Amino acid sequence: MSHCCTFTISNNCPYTIWPGTLAGSGSPPLQTTGFRLDAGQSVRIPSVPAGWSGRIWGRTGCKFDANGVGLCQTGDCGGRLQCDGNGATPPASLFEITLGSVNEQDFYDVSLVDGYNLPIFAAPRGVHGSCNATGCSSDLNL
């Protein structure tokens, strides 16, 4: 399988978040399925394969022990730092994407179908054609 892109996840919130990832059916898990991201930090997830499909979300208010066991106030994924195939418990703002393989078109959106817990904004970079940024960059809880 060829690799087509890198995801960069940035935390522009003034507090720590714990992003989680979930591959769609038939897609391999990303290199990480959960991690800590302090305010102002960014993490790159390289080598995302063409045709990959899945979702990424931010968790808040998390506490994990040395073994990665714990809980998050929002977006929890089975009480673990690594989501390992578990989706987000609502409320969770979602970034959903399917990367093109045959027709080379990518499809992505920001979804509030599982509720809202964080502002989320997606902006493609280094792409060909007309790709729009999408998201909800305001805090809907205010």
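Cβ atoms are placed via backbone N, Cα and C, with glycine included.
Bear in mind that TrEMBL entries carry predicted annotations, made automatically and left uncurated.
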- request: Using the record from TrEMBL, pick out the residue from C62, C83 that is joined to C77 by a disulfide.
  value: C83
- prompt: Quick one: TrEMBL says C62 makes a disulfide with which of C13, C72?
  reply: C72
Task: Looking only at C-alpha atoms, tell me how far C83 (disulfide bond) is from C72 (disulfide bond), rounded to the nearest Å.
output: 12
Integer Cα-Cα distance in angstrom, C77 (disulfide bond) to C62 (disulfide bond): 11
